[in-house]
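Structure record follows, encoded as structure tokens.
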Amino acid sequence: MTAAITGIGAALPERTVPNSYFEAIGSSDEWIVKRTGIRERRFLPEDGRLADLAVTAARTALRQAGRDAADLRHVVVATTTPDRTTPGLAVEVAARLGTPQAAAFDLHAACAGFVYALDHGTALIESGRARAVLVCGAEALTRITDPADRSTAVLLGDGAGAVVLTDLPDAPVAPAFHLASDGEHIGLLYADRHDRKLRMDGPEIFVHAVDKMSDATRRVLERCELTCDDVDLFVAHQANARIVKAVGKEIGVPPERLFLNVDRVANTSSASIPIALAHAQEDGRLGPSGVLGVAAFGAGITWGAGVLGWRLG
Ligand code: ACO
């Protein structure tokens with residue numbers, strides 16, 4: 001069994017927030033664009049439901065994959081900001097899609113969550129325990145953002161994305177992943193139980209992000225006996241355009257095979273890679289089939305990279 005992406009979807013909240021919104025807290029469009037590449041982001045209203053976005057993204061992905069929700073035995077949602085403390089988002093997403101008795105759970109690995117979830121989904125297919133798996137990334141980071149803290153507030157946005165993984169015997173590549181964590185660095189990026197807002201050492205996170213995503217990508221390529229030239233599109237966690245470009249330079253991915261949409265949506269944590277995949281598809285950057293490289297990095301610290309194929313109808 002070989003897993004590949006056969007459907008992609010994304011959903012964003014309606015409200016677009018331009019950089020000028022942050023002039024009130026001492027920032028500026030010029031500073032934000034220069035240091036991050038971000039131009040705008042979407043905000044979910046305070047009473048908005050993240051499950052609505054996740055369900056919309058999932059339906060689009062299922063439609064493209066030509067699958068009924070009833071085909072799904074597993075629904076995994078990577079998130080750090082679910083609608084409820086318990087139960088997680090995945091059970092509501094599964095129920096609203098109409099997947100009778102699918103296994104459904106949330107996966108929390110901060111911004112690396114979607115790559116962790118992809119690894120899990122591909123493993124379920126490779127082991128023969130599932131024929132189709134829905135992997136979602138959904139975040140309402142505004143729920144854990146201090147709106148007065150310019151060092152984090154300008155970076156974050158809300159949204160959801162989803163992919164359908166199915167068994168594809170002639171997939172362009174056999175999936176491979178490298179996942180890791182280092183809890184010694186919890187203090188660099190966290191939201192604690194009382195404050196509930198993200199606190200971050202930006203410059204330190206920047207250095208770790210470039211180093212860890214590059215290292216993980218090299219390990220995965222080596223394991224598959226591939227080089228960057230074999231990867232058709234590289235989609236890294238969209239934290240900051242400078243971070244993504246630095247990773248591309250470090251591992252040797254040319255700009256035309258590096259995807260960036262952080263300008264449109266900012267950092268949406270575990271939703272960033274599936275939203276980027278949906279935008280890449282809209283922009284005509286994903287052909288009918290190819291080899292995808294992914295890499296992500298987040299609080300913990302957690303990180304990971306992977307390669308897998310896509311085939312889209
Ligand atoms: N607007 C204007 N000035 C600002 C802002 C802002 N939004 N934020 C910080 N500054 C100021 C600082 O106060 C500092 O001023 P000083 O020189 O007078 O002290 C100056 O800009 C430089 O600050 P640095 O933090 O050194 O700026 P840097 O070039 O490192 O850029 C940034 C900051 C964009 C945060 C960068 O470090 C970064 O991208 N780090 C990684 C962040 C990340 O990806 N985090 C993970 C995301 S969070 C999550 O996981 C959901």
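Each residue, glycine too, has its Cβ placed from N, Cα and C.
Taken from TrEMBL, the feature active site applies to C111, H237, N267. Marked as domain 'Beta-ketoacyl-[acyl-carrier-protein] synthase III N-terminal' by TrEMBL: 105-183. According to TrEMBL, the domain 'Beta-ketoacyl-[acyl-carrier-protein] synthase III C-terminal' annotation covers 221-310. If you look up TrEMBL, you'll see 238-242 marked as region 'ACP-binding'.
As a whole-number mean, the pLDDT of the region 'ACP-binding' (238-242) in this prediction is 98.
A gap of 9 Å separates the Cα atoms of C111 (active site) and N267 (active site).
Counting other Cβ atoms within 10 Å of each Cβ, the lowest count among the active-site residues C111, H237, N267 belongs to N267. Distance noted between the C-alpha atoms of H237 (active site) and N267 (active site) is 8 Å.
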